[in-house]
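Please read the structure below before turning to the comments.
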């Protein structure tokens, strides 16, 4: 057979291949000690804000600018350092984990003896010994084990999370080499494919030289022991290393997930561009005004500042550019560099709250919520579509056998016995009359006489057609059914890769056909106490295309027989005998009950037929080229002309509170789509039972479409039907085949139908189809935020495709969890994760972003206004130390603590009222309108800071008691002091949930500013070249007029904001604000008016009189009847009060502003 070098690797066992050592170590780190600084700096300066401040810093170094380079360099250094420390620490943890893996001790066969070495020293071609409960240091081809048949059991929990025992095999020629001496003398060559990431695919062959004869054996996944898997129930094994280090399958599955960006990050970038435009506008305007002002000679060259010859002869263009850059540097703090490091700290620290939440902790499995990425916390509060898997996500993935169909007769299990449908079994002994039972028990052994030949054959097929393993550490064999009938539990413990297989084997055991074990060559069962051994000839493994698996056995009588089971769509077309029509009806009935169905069939081979089957299987399995295609062809040849035996129905019950969770998501305005691989009837039944579909919902179907034209016509009919009926809610059912047709040419029409439906169910879906559906919605014109949740490897693609991916820690492995952004133990936890944590994270970070831009507008705008009073000479208003510390020290901690602890509403209220989620949907708090409000408020406050201080001290600067005058540094310090106090109190007004930490950082920040300024300006610091602020702050605080100015300016800034909040809460209250009043006053029904409280009426009487005097248009007749307003979830009910006050006085009706420090 010809093999190309790019597809085949050749190795001689026992010989090390001369490859570089880097091939044999696992490395997950990103940096080394040598490249950390340049590589990390490169990564950080790829961010626009960091690169912008680097340019500003370099400009300050190159030209004469009004501010010191320290003002830009120090904040930039702080941000870069904090980020580098965080990333360096995370990479150090990866280095530490790599060293533990690469340094693990390993025994290899060298020079005729076992030699201990480290995992990183294992080379391709080394023969490795692995003992029980040890992990495999590389991908090994199994050569032998301590068992004579050369089998071993492993668990791959660390790879795919499956805890079941899997059996792997050695070829017979190497299985006898169980000692080091025999292995040393073994001559063999392994040919295999080049390394690839697929854990379940391996193509190779081994050529063993025995007595001058070369024997070729195929190698497949059943012969390969993957690195990271663990040896179980086997004393020791020997294997040859074929893939090591980063070429092992486990290492090849280390891949960087696609970078997901949240809506908040996109909004931040948009705001950054807008503020960059404002910065450029201010710099250009200032430069133009400077030259316009200097057009008069007396201002261009005053007598006290004559130009030098070099300045007179310099280029006007270069001077203009230099002035523009100087103004750019002067105003550059309008771009908040510290915003990014604060956001990163908020996301990193805030993510711990999810893991600490005891409501997200699952006691039974001892699993807490897990955060794999903290970059998407706020995205949990913006979800509009949820795409969920069914099995293991909505259901428990714990299978229980319920019903079966045998030869056209339907049976159900009652008290461990198979009972025909319609017959009750009220007594423990069965359904037959007592006299008949006694006679039968006198003449028959156990219950074998209760079954016909067809029924017994069906039970044998189910008990033999599987890959179930038994934990030999716990049992020597099963107990018979007499002990089961007496209530004694059976100690046999089965392990299966599929919960369905385990449920079926356990069911046949309860009915008297017990699977005893599989030693690799023989499968043993006990049929009503009689032991029977079947020789296992071939296993035709399950695959997603065939949707079935088969075994070929030799019966005790020598007959060759095939047993197969699979989906009804993969068995019925190949059935040539048996009760096909009746079984098909029964399968549909099982599916309508929500049961998972499997169809069972068999085929008997003649001697000639089996010889051809064996030959074709051997040829396909030893092929190195196109092995999968050739095997699929052979399997199709074998699995035909089947005799239908029956079908099984297994129940997968719903998880706890699934229905309540889906209803809560629906009330929150989130659309739920179920994407499953189950058949149509089963999926619809489960959707109805879990509340995804309502019984009153009109269910539309797009299934079994055969062509594009047929699919398009059905879509038009559905769209027309939806348009004609506006009242009834619609649900849509789509199967995989029809979906492929719809997405091919009719994507827009399909989207129109889907958006008009309240719920969508997609069945018979392949994993890639799930991802396509998610991508279809995510990339639609509305760009909604999507969330995908699943528990299996088949859900990984849609989890990675969605904006937010959530893995369920279920029974189908950990692949979904490893590839997700968040992981939870049960579907019911999704409600709190979105409605509570998502709500909190979003309002916190949205306010953080808006507040950062607001306080920087307040910071820089007075600097811009000051230029009009200093002839645009680029004189700075603030001291350089204040410029540097404003964002780092004076105003950073309050907003960080706010962004960690703020709660607008109690978590219980958010869970009980899912509709509150709608208040923050569609990025409501970071839309253009709130951004414009915060920006304009920043400019207005800045104008009040500057002109308020100017008016109070601009005309008469001798505000000291001794007549001493204030200077420009005192004026700038006054503006800065007012600004620090105002922006801090502004955040205090936004704070709803006060903790001791909020109080500490809010009042502590103001106190720290005063204390720092006193020390900074009250001492002569020897390391400073100039100290313009010496005694300035002390002088300022000694003036009563300055204190008066501070109080007046702060109140002038914040009072309109307070009035606006009060009026808006009364006139246009949001659902969140109404809930705040309920939370604050749980015993009240009136939610709008302060008049509903006795304290409120008396407390606001003075305000009412003021309104009466100032508003002459007030019609007293309109307010003589008071109204009590009750709110429901749907509408407002206005109920007039019975009494009318004798002297009605109109007064302003105000809503309560709940605050822990404010009471009525």
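Note: Cβ is positioned from N, Cα and C throughout, glycine not excepted.
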Of 244-263, 304-323, 324-343, the range TrEMBL labels transmembrane segment: 324-343
Candidate ranges 874-899, 900-925, 1030-1055, 1056-1081; TrEMBL annotation transmembrane segment resolves to 1030-1055
Test the contact criterion for the transmembrane segment (931-953) and the transmembrane segment (49-66): 3 or more CB pairs under 8 Å, pairs 6 or more apart in sequence, then answer yes or no. no
Quick one: do the transmembrane segment (49-66) and the transmembrane segment (324-343) reach 3+ CB pairs under 8 Å, ignoring pairs fewer than 6 apart in sequence? yes
Stretch among 270-293, 324-343, 1000-1024, 1030-1055 sharing the most Cβ pairs under 8 Å with the transmembrane segment (965-988): 1030-1055
When the number of other CB atoms within 10 A of each residue's CB is tallied over all shown chains, which of the binding-site residues 596, 764 has the maximum? 596
List, by number or range, the same-chain residues at least 6 past the transmembrane segment (324-343) whose CB is under 8 A from its CB atoms? 47, 49-50, 52-53, 56, 59-60, 63-67, 71-72, 75-76, 78-79, 82-83, 268, 272, 275-276, 278-280, 282-284, 286-287, 845, 848-849, 852-853, 855-857, 859-860, 863-864, 874, 876, 883, 886-888, 892, 895-896, 899
With DSSP as the reference, give the number of residues of the domain 'P-type ATPase A' (106-191) in helix, strand and coil. 17 helix, 42 strand, 27 coil
Among 389, 391, 542, 596, 677, these being the binding-site residues, pick the one whose CA is nearest to that of residue 795 (Mg(2+) binding site). 389
Folded-back contacts onto the transmembrane segment (270-293), same chain, C-beta under 8 angstroms, at least six residues removed: 48-49, 52, 299, 320, 323-324, 327-328, 330-332, 334-335, 849, 853, 856, 864, 867-868, 871-873, 931
PLDDT averaged over the residues of the domain 'P-type ATPase A' (106-191): 83
Quick test of the contact rule: Cβ under 8 Å, at least six residues beyond the ends. What residues does that give for the transmembrane segment (1000-1024)? 881, 885, 889-891, 893-894, 896-897, 973, 977, 980-981, 984, 987-988, 991, 1030-1034, 1037
Using a 10 Å radius around its CB, how many other CB atoms surround residue 391 (ATP binding site)? 27
Around the Cβ of residue 542 (ATP binding site), the count of other Cβ atoms that are within 10 Å: 16
